[in-house]
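> Let me give you the structure first, and then I'll get to my questions.
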Amino acid sequence: MPGGGPQGAPAAAGGGGVSHRAGSRDCLPPAACFRRRRLARRPGYMRSSTGPGIGFLSPAVGTLFRFPGGVSGEESHHSESRARQCGLDSRGLLVRSPVSKSAAAPTVTSVRGTSAHFGIQLRGGTRLPDRLSWPCGPGSAGWQQEFAAMDSSETLDASWEAACSDGARRVRAAGSLPSAELSSNSCSPGCGPEVPPTPPGSHSAFTSSFSFIRLSLGSAGERGEAEGCPPSREAESHCQSPQEMGAKAASLDGPHEDPRCLSRPFSLLATRVSADLAQAARNSSRPERDMHSLPDMDPGSSSSLDPSLAGCGGDGSSGSGDAHSWDTLLRKWEPVLRDCLLRNRRQMEVISLRLKLQKLQEDAVENDDYDKAETLQQRLEDLEQEKISLHFQLPSRQPALSSFLGHLAAQVQAALRRGATQQASGDDTHTPLRMEPRLLEPTAQDSLHVSITRRDWLLQEKQQLQKEIEALQARMFVLEAKDQQLRREIEEQEQQLQWQGCDLTPLVGQLSLGQLQEVSKALQDTLASAGQIPFHAEPPETIRSLQERIKSLNLSLKEITTKVCMSEKFCSTLRKKVNDIETQLPALLEAKMHAISGNHFWTAKDLTEEIRSLTSEREGLEGLLSKLLVLSSRNVKKLGSVKEDYNRLRREVEHQETAYETSVKENTMKYMETLKNKLCSCKCPLLGKVWEADLEACRLLIQSLQLQEARGSLSVEDERQMDDLEGAAPPIPPRLHSEDKRKTPLKVLEEWKTHLIPSLHCAGGEQKEESYILSAELGEKCEDIGKKLLYLEDQLHTAIHSHDEDLIQSLRRELQMVKETLQAMILQLQPAKEAGEREAAASCMTAGVHEAQA
């Protein structure tokens, strides 16, 4: 195998390469030798034709080098070892290379699922420029002529070193030549002397002498030696029209010819170059890699969307790719829309079920089935908690989807601005816009920086507000409101940051300028209309304040009602004691008279002291009873005023809720009309799906409002019917049932009195006195029972309207006590009535006998 040259220079092409170099060294002056030594340390593309040649590599070394997504270390090591066997140092080609790593990085494009073949694919009628190739034979005159035509400032008798130095300076100035083009300077064995010389007419393909893009796309010279690889897509996009780019992509995707002559081995690159290229490929931005790799991708090996960015971007190279991207977005957001609609339907079901349970509860209370009413109340409370957690919300106003739609609107606005620029430059507005993500990257980076700064500032502000809340309790409500506002802003900023990495440019780029304008206007109209519908979990502030006042009044009603009940109990106890004392006093007076008539003066003295103590006790109890009655009357008046305030606030809340529901209904109807008009001319599949979900949510909201209105109208109609009945029968008191209950013991007392009167006339004085005391006691008890029944009836109405279960249970116990008292009185009256009738009959019979005897 031929030996290698100094500093890792490759061996000569043939066996006479060494002698030729030796002869050249002897013939050249010392200055030329010095230049030769200096040139030997230069990169390959800057060396002259008299310098050490580059040996041919074996076919094993020329194997295609593949790396899917990165450089393979095993293949790099294999290529490096084979290169050293041929006398090549893989690191020698990169010594003092004027091309930086950043310049080499964009040339490497990795496509997932495909293998990148590094090599030159020769096209028909093209050749690589001889300026950057090593002459392998004596036919270098054409190359010198082309070099003279390319750079008129250089003379034909200039040395190769000066020419190459000038070329190196131009490479440094341009800064866009890929490193692979500068460092790969080997010739394949199969395309050496066998390749015929290219005719001179092929030189006319170059239109620009200094375009490195044009030079890198040329074909090999007489020996077919190629230096470089296709230029970066960024350089081509600035110098070629879209038609030329399409033709070039088609030629790249065409069938390959002889792989030995048309593919360049990449095994001469060292591990350091591989690492640099891999690092640069990792550091490059994802949109740039995607845009660069799209023209080089095989039709059958197109990469799919990244699962982490599903719905955020796609391949905009064809209509099928566009539909695939929209389908991905639809698959991502359809579950969100479905969940929102399910929550709306569930809330409507909860509202309907609550109305039915309330009706059943009212029926149970009317039928005195309080156990059923208690069970229904528990179910109603559970439904109320579920209603609070489930609130109506437009799918398009859902936080994540609303943020995404805002991001889409921003992308559409950016595309519109670019389309306006293209329209001003005379481009066709109906053709899809070819977007360049690199132009939008600075704006995205700036907005990202601003959002992060804004979020940090908001977080600091929130912490400061928390400290102020702890220090200043007096300003708690104001600071909490501000804290809520900042929290919402933080959530909005975080939602905006969520879409910073989501590039919709490929999708937006598929729409024409007219379609972009329609989508932008539709987004603005629908977002503005949806913002007018107050889809919140709780009503407005005015209604909430009134509801809080009603709650406080309800608590006051409970407290006052409890006080009135306690005072009534105390009054009843005091009356009972006073009645007992009044029952004992006549008996003590009679006993005192008998003691005095029987000359039992010590007994009469004791009875007098007993009568005096009972009298003083009765006076004290009567004073206390009068005070309790005054206090009870005050509480009753206060209870009446609180009930009036409660009813007034209830009416005001109902009025506010009616107005609020009316406004919501009107705004919802307007939004539904807007959605129906937009759906007819919608060009965006995602927006069409979102608007359909919004339309369904609006229909559910209208149905729930109609259910509530129907329930309210039924309640109003029932109240009107009750008022009509009361107005049609004025002699009948409003509380007829309670009056009947109140009159029942009085009727019993009157009947007892009517039956008792004859017996009183016939009986003696002692019987008359006992009957009088009994009748007075029973009359007072009946009067107390009547008052108690009236009070219980008022409390029962209050409990029914306020759904106060505690008060209902208390009233149940009170009614049970009244029933027991009435039953005891009836049992007490029956024996007295029978005894009085028997005594009256006996006395009458005795009187008749005496008269007959007389």
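Every residue gets a Cβ built from N, Cα and C, even glycine.
Pulled these from Swiss-Prot:
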REGION    1-24  region 'Disordered'
COMPBIAS  1-18  compositional bias 'Gly residues'
REGION    179-205  region 'Disordered'
MOTIF     197-203  motif 'Interaction with FBXW7'
REGION    221-257  region 'Disordered'
REGION    278-323  region 'Disordered'
COMPBIAS  285-295  compositional bias 'Basic and acidic residues'
COILED    366-394  coiled coil
CROSSLNK  Lys372  ubiquitin cross-link
COILED    452-505  coiled coil
REGION    598-854  region 'Interaction with ATF4 and ATF5'
COILED    602-666  coiled coil
REGION    716-739  region 'Disordered'
COILED    802-830  coiled coil
REGION    802-835  region 'Interaction with NDEL1'
> Considering only Cβ pairs under 8 Å, which range in 366-394, 452-505, 602-666 makes the most contacts with the coiled coil (802-830)?
366-394
> Calculate the per-residue pLDDT averaged over the motif 'Interaction with FBXW7' (197-203) and state the result as an integer.
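Looking only at the motif 'Interaction with FBXW7' (197-203), pLDDT averages out to 43.
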> Near the Cβ of Lys372 (ubiquitin cross-link), how many other Cβ atoms are there if near means within 10 Å?
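Around the Cβ of Lys372 (ubiquitin cross-link), 15 other Cβ atoms lie within 10 Å.
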> What three-state secondary structure does DSSP assign to Lys372 (ubiquitin cross-link)?
helix
